[in-house]
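Asks: Quick paste of what TrEMBL says about this protein:
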REGION    1-52  region 'Disordered'
DOMAIN    32-320  domain 'Calpain catalytic'
COMPBIAS  41-52  compositional bias 'Polar residues'
ACT_SITE  H239  active site
ACT_SITE  N262  active site
Amino acid sequence: MAQPEGTKQNPKKHLGQDYEQLRAQSLPPNPPFEDKEFPASQASLGSNKLGPESNTAKGIVWLRPSEIHPNPEFITSGATQNVADSGFLSAMGSLTLNKEYLSLVVPQDQSFKTNYAGVFHFRLGQFGEWVDVVVDDILPTKDKKLVFVKSAQENEFWPALLEKAVAKLHGSYEAISGNSLIIALEDLTGGVCESYSLKSAPGDLFQTIQRSVRTQCLLTCSTNGKKEGAEKSSIVAGHASITGAEEVPYGKGKVQLIRLRNPWGSAEWKGAWRDDGPEWNDVTPEVKKALLNKMEDGEFWMPYADVVKEYNTVEICYVASSSGVNMKEPHWSLTQTGGSWNKGNPAETFLADPRFRFKLEVPDEDQAAAGDAALCTVIVALMQKTVPKDNILDFQLYELPKEVSAQVLVKDLKSIKDINANQRNSGKTKHFRVPKGEYLIVPKPSDPNQDIDFCIRVFSMKKGGAA
């Protein structure tokens with residue numbers, strides 16, 4: 001039975017380009033593929049920050065890998081950090097920690113040796129669907145060195161080619177340079193992200209991180225630049241993946257610990273709870289064994305209080321069980337729908353449309369003792385498919401009464417506050433913790449007199465992990 005278009009088994013062909021067809025047309029003796037949809041030119045770099053007069057764009061020469069290195073390889077190892085775009089590299093680093101994600105996004109049967117045709121392809125998430133993005137292998141360089149993303153191995157090119165595919169999906173390299181970590185995480189996983197500033201984070205962020213680790217989200221934390229005392233603590237500017245969060249008995253109380261992994265292996269925590277720290281002598285042997293024996297290479301524990309001091313932001317990427325990656329329970333389930341805001345339509349249009357209503361039935365694991373007052377976490381993301389320059393689409397979540405009569409108006413309903421308001425998120429992603437019940441999503445354009453197409457995605461827990 002054929003899989004629906006837009007699934008990982010049958011991704012949509014971006015811009016209608018068929019990888020197998022283009023590859024067959026570009027095999028020798030024909031010239032290697034040149035992508036007219038995303039040409040090796042200034043237009044693909046950008047017009048402002050990477051415009052023709054920018055220092056970055058000046059002097060760029062577009063070359064194929066065989067012109068950069070005498071022995072190019074598609075994959076040899078993992079990516080490494082390049083300060084020019086460390087956010088994108090951090091997302092790639094998170095991807096390489098999970099081989100299933102990596103093989104889903106980066107088809108492994110690609111090569112510069114066997115049947116080389118100058119064409120490559122990658123599977124990326126867009127508007128809740130998987131798309132297959134084709135690129136040529138002509139890359140921006142200076143002095144025969146890659147300008148943007150590059151691998152630790154000079155002859156490995158999948159990171160640079162994947163970056164080119166993401167840039168093509170968004171229209172230019174410039175389009176992915178500003179908020180590159182969140183953009184890349186969403187494109188590489190098909191999930192949605194939210195970002196917390198650690199200087200103004202909610203008081204229960206540690207518990208949010210714990211729930212996110214348990215439900216197999218991808219988490220990273222970031223610094224904006226070199227921090228004071230960095231040599232003493234050995235935390236460098238950049239990003240690390242969060243792989244664990246535990247609260248353990250210590251002294252007369254408890255201590256909150258975060259397990260981090262530096263994908264680049266260039267930093268080692270030298271503060272409290274380091275691998276050989278004296279604090280481990282003051283916990284039970286069972287706790288010490290549980291926390292230290294399952295550590296992967298490059299992982300280390302830090303007190304949550306020090307994470308808040310050393311890092312600026314925490315990014316959480318929610319990924320559903322339908323993403324194409326095998327997941328243990330508990331995990332997120334995804335419900336999504338497309339829709340349109342049509343000028344002249346009142347908000348009550350959405351009240352009557354079942355696509356914008358959903359039920360929450362499974363409370364969070366830590367709410368087992370709360371009974372009827374138990375809370376459910378739900379992540380709602382709205383993405384504009386059409387983006388008028390002067391019209392930004394927001395949305396509001398409302399709690400529905402058990403009986404909704406035809407006379408009920410949206411203004412009469414109870415609105416729900418986003419617990420992560422004013423944080424830096426991609427598009428409109430909001431985080432709610434609410435009682436079990438039925439809820440309504442109502443889009444809110446800044447200008448109601450324009451038509452806007454959008455996609456809504458709801459991440460929640462379902463019984464038994466069912467989608």
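Start at 1 and count along the chain as shown; that gives each residue its number.
Any Cβ shown, glycine's included, is placed from N, Cα and C.
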Asks: Mind tallying the compositional bias 'Polar residues' (41-52) by DSSP state, helix then strand then coil?
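Replies: Summed over the compositional bias 'Polar residues' (41-52), the classes give 4 helix, 0 strand, 8 coil.
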Asks: To the nearest whole angstrom, what is the C-alpha distance linking H239 (active site) and N262 (active site)?
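Replies: Distance (Cα to Cα, whole Å): 7 Å.
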Asks: Mean pLDDT over the domain 'Calpain catalytic' (32-320): what is the value?
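Replies: Result for the domain 'Calpain catalytic' (32-320): average pLDDT 86.
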Asks: Starting from the Cβ of N262 (active site), draw a 10 Å sphere and report how many other Cβ atoms land inside it.
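Replies: 21, counting other Cβ atoms within 10 Å of N262 (active site).
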Asks: Which number gives the other C-beta atoms within 10 angstroms of the C-beta of H239 (active site), all protein chains shown included?
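Replies: H239 (active site): 25 neighbouring Cβ atoms within 10 Å.
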Asks: Work out the three-state DSSP category of N262 (active site).
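Replies: Once the DSSP labels are grouped into three classes, N262 (active site) ends up as coil.
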